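Feature list (source: Swiss-Prot):
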COMPBIAS  94-107  compositional bias 'Basic residues'
COMPBIAS  111-123  compositional bias 'Pro residues'
DOMAIN    199-354  domain 'C1q'
CARBOHYD  N243  N-linked glycosylation site
CARBOHYD  N295  N-linked glycosylation site
CARBOHYD  N333  N-linked glycosylation site
MOD_RES   P111  hydroxyproline
MOD_RES   P113  hydroxyproline
MOD_RES   P114  hydroxyproline
MOD_RES   P116  hydroxyproline
MOD_RES   P117  hydroxyproline
MOD_RES   P119  hydroxyproline
REGION    26-123  region 'Disordered'
SIGNAL    1-28  signal peptide
SITE      N333  site 'Required for correct protein folding in the endoplasmic reticulum'
Amino acid sequence: MAPARRPAGARLLLVYAGLLAAAAAGLGSPEPGAPSRSRARREPPPGNELPRGPGESRAGPAARPPEPTAERAHSVDPRDAWMLFVRQSDKGVNGKKRSRGKAKKLKFGLPGPPGPPGPQGPPGPIIPPEALLKEFQLLLKGAVRQRERAEPEPCTCGPAGPVAASLAPVSATAGEDDDDVVGDVLALLAAPLAPGPRAPRVEAAFLCRLRRDALVERRALHELGVYYLPDAEGAFRRGPGLNLTSGQYRAPVAGFYALAATLHVALGEPPRRGPPRPRDHLRLLICIQSRCQRNASLEAIMGLESSSELFTISVNGVLYLQMGQWTSVFLDNASGCSLTVRSGSHFSAVLLGV
């Protein structure tokens with residue numbers, strides 16, 4: 001019996017079904033040498049293996065449910081990400097070989113333009129002119145005190161000096177009128193507060209006078225003493241070393257000293273042999289250590305043959321004194337009559353330099 005002939009549509013369906021089966025077989029069976037992508041994705045690398053439990057073998061767990069291919073392709077394994085972070089944590093900034101002393105320099109860009117100015121603050125308080133004048137007076141008083149400290153110390157005796165006289169009106173400006181205050185201020189500003197180079201400061205000086213009359217016998221060498229410091233304008237004393245009782249001045253420092261002595265001498269009773277002879281004379285000396293013959297001394301000689309009953313004899317000069325050496329005034333009466341040195345005769349010294 002002849003087979004029944006199938007229609008053409010059925011034959012086309014069979015051909016299509018065979019092609020689909022062949023294509024499915026080719027895609028599902030990979031090549032023998034090629035590794036499976038799903039297996040490579042499923043198995044972690046050797047270094048990242050987790051410890052296996054007692055129920056797992058070396059080949060893997062006994063049964064693992066299959067995961068969808070599309071979900072596996074788009075997911076990230078947290079364990080793999082953590083292991084990658086651990087391996088990369090000792091590189092870059094956290095590297096062990098990086099020097100701790102060298103800090104990473106931050107690179108900034110170019111500075112931008114300045115911003116707009118801020119708002120203006122509130123106006124300050126209104127200060128009256130009287131307050132400004134009072135504050136200015138306080139500033140001037142401070143400048144005056146600073147100038148007084150810069151000035152040399154005043155002498156023990158004598159006036160306060162021209163500087164103190166010029167500054168005295170300024171200290172009394174509190175009770176004066178405004179016109180007087182302005183005048184004093186202008187006078188103070190006219191005098192420079194910081195003058196130029198000054199003369200060197202005198203560290204040692206004195207001027208003393210004989211307190212009472214001193215009798216000098218004939219043919220005698222007498223050392224004068226018992227002085228006092230005059231309380232008069234122009235008198236001075238600076239530094240230690242003067243013994244008013246003994247009349248000796250001890251040098252406080254070694255240096256060159258300008259010494260001077262002026263004596264007012266009165267003749268006593270006339271000599272028994274008649275008027276003074278030409279060889280009768282007086283010697284006024286300023287000696288070191290009371291050794292007029294051995295040490296250097298200042299000397300003045302005066303004859304008595306033509307002198308009056310009251311006369312003056314002076315001596316001055318410069319001597320170099322070591323520290324601690326003293327000087328004093330001597331009168332050598334080389335005449336046949338006694339003499340009287342009147343009170344008020346003076347002795348002075350000034351340290352010139354070292």
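From the backbone N, Cα and C atoms, a Cβ is placed for every residue, glycine too.
Annotated features taken from Swiss-Prot, shown on the structure.
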| residue | record | contacts (Cβ under 8 Å, 6+ apart) |
| --- | --- | --- |
| P111 | hydroxyproline | none |
| P113 | hydroxyproline | none |
| P114 | hydroxyproline | none |
| P116 | hydroxyproline | none |
| P117 | hydroxyproline | none |
| P119 | hydroxyproline | none |
| N243 | N-linked glycosylation site | Y249, R250, W326 |
| N295 | N-linked glycosylation site | C287, I288, Q289 |
| N333 | N-linked glycosylation site | V216, E217, R218, R219, A220, L221, H222, L282, L339 |
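For the domain 'C1q' (199-354), the model gives a mean pLDDT of 89. The DSSP secondary structure for N243 (N-linked glycosylation site) is strand. Secondary structure from DSSP puts P113 (hydroxyproline) in coil. For the compositional bias 'Pro residues' (111-123), same-chain residues at least 6 beyond its ends with a Cβ under 8 Å from one of its own Cβ atoms do not exist.
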